[in-house]
Amino acid sequence: MAALTLPVLFICLATLFSLSLQSQEQEDTPITRFQQYLKINTAHPNPNYTTPISFLLSQANSIGLQSQILEFAPSKPVLLLTWPGSNPSLPSILFNSHLDSVPAEPSKWVNPPFSATRTSDGKIFARGAQDDKCIGMQYLEAIRNLKAKNVNLLRTVHISYVPDEEIGGFEGCALFVKSKEFKDLNLGFVLDEGQASTGDEFRVFYADRTPWGLIIKSTGAPGHGSKMYDNGAMENLMKSVEVIGRFRESQFDIVKAGEAANSEVISANPVYLKAGIPSSDGFVMNMQPSEAEAGFDLRLPPTADPDLIRKRIAEEWAPARRNMTFQIIEKGPIRDLMGHPLMTLTNASNPWWTVFNQAIEAAGGKLAKPEILASTTDARYIRQLGIPALGFSPMTNTPILLHDHNEFLKDTVYLRGIEVYEYVISSLASFDGESH
Ligand SMILES: [Zn+2]
């Protein structure tokens, strides 16, 4: 073989050097694996579900988990991973997370939202860092560690990755929970996403509020702008807006007085007004219109009585005697299939609660007072079946940045979360008491 000339040798050395740099960058650690997952753009309106599923599958294979890809709506895959327990006849445990995320406006971010940039102080910036790609990877990392310690579990553990949570989950978890595959899991208890805590205690959620869209419409005789008469469409609508406004105030006063959390009252916020007769330069000013409409976003805690709210709307907010009609768009269940409020008990009567609480303590953590989530998660579909489900994302001393610009999670908080799940997974899946 001919001796290498100097330039060729130089190129070889340069290639070797760049290869070693690359391998440093691609070092395989819990943090780099988290970054890899964060770099996959799964933001709406066109979330990519193929790439994250193949990434998660390769992770699952590397730790020896069983896997299934299910599809209940076209191009809306659900990834289900399974770690069989030694007694598969016992009810199993499910750890759920969603694949999608809300969009991000890159111009408002210091670091690009899908770069998963880790700054010198350990902050990992990415859309989805808190909501909820952290838990999706932490479940896997915790199982990886438990398996490395040769831990064997009594109950079977499943992890599910579902699509479309951020747009209501109607073609995601809502269909998954109705499937035979879901029923066959024979679930005893489910953990789903929660939210960051700004203090030292972990937050835990036992219910979501149910969203209702309320549209009220009024009709009335049209008339000249100069005329005073009763029962005009605008006048009737404005009366309703006032009545609903007073109800809103009464609920908000309870919150302001510190008697309830925001998520424990019924919120009714105006979101649109539609009225007036368009003209070439705005609206016709000397005419009172014959139709008017307003929209409200209502959120009902599980303790609210939906029949009472419907009655109130019919009698006070949009009464037929004032020529008003209304439409309620229910965006999810408010009662479970047995007719009970959609909430998971957080007292000794729920053995899963006790085991979960003890696991957090064993991990050296503490749970804050259980809360109702102000918005919604897929857990509502699981609670609807009467299966206990808690919302939990182990992030303490972290600003709440879900859906916000510059969403980040600190590396130390992420790693601590893995440790917490090791306790949680092994405790729940070792529980040998009566659960149903
Ligand atoms: Zn989420």
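Each Cβ is built from the backbone N, Cα and C atoms, and glycine gets one as well.
Under the heading signal peptide, TrEMBL lists 1-18. Sequence annotations record features per position, and here TrEMBL assigns Zn(2+) 1 binding site to His98, Asp131, Glu193. Taken from TrEMBL, the feature active site applies to Asp100. Sequence annotations record features per position, and here TrEMBL assigns Zn(2+) 2 binding site to Asp131, Glu166, His403. The active site, proton acceptor annotation in TrEMBL covers Glu165. Per TrEMBL, the feature domain 'Peptidase M20 dimerisation' maps to 212-316.
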Spatial separation of Asp100 (active site) from Asp131 (Zn(2+) 1 binding site) - C-alpha basis, Å: 9
Assigned element (helix, strand, coil) containing Asp100 (active site), judged by DSSP: coil
Cβ-based neighbourhood (8 Å from the centroid) of the Zn(2+) 2 site, residues Asp131, Glu166, His403 excluded: Ser101, Val102, Gly128, Asp132, Leu402
Glu193 (Zn(2+) 1 binding site) CB neighbourhood, other CB atoms within 10 A: 23
Annotated recorded positions Asp100, Asp131, Glu193, His403, filtered by Cβ under 6 Å to ligand 1: Asp131, Glu193
C-alpha spacing of Glu165 (active site, proton acceptor) relative to His98 (Zn(2+) 1 binding site), in angstrom: 6
The one of Asp100, Glu166 whose CB sees the fewest other CB atoms within 10 Å, among these recorded positions: Glu166
Between Glu166 (Zn(2+) 2 binding site) and Asp100 (active site), the C-alpha gap once rounded to whole angstrom: 7
Most Cβ neighbours inside 10 Å, all chains, among the binding-site residues His98, His403: His98
Spatial separation of the residue listed as 'active site' from the residue listed as 'active site, proton acceptor' - C-alpha basis, Å: 7
Whole-number Å value for how far His403 (Zn(2+) 2 binding site) lies from Glu193 (Zn(2+) 1 binding site) (Cα to Cα): 14
PLDDT averaged over every residue in the domain 'Peptidase M20 dimerisation' (212-316): 96
Non-site residues, in chain order, whose CB comes within 8 A of the mean position of the CB atoms of His98, Asp131, Glu193 at Zn(2+) 1: Ser97, Ser101, Asp132, Lys133, Ile135, Glu165, Glu166, Asp192, Thr377, Ser393, Leu402
Helix, strand and coil counts within the domain 'Peptidase M20 dimerisation' (212-316) (DSSP): 38 helix, 35 strand, 32 coil
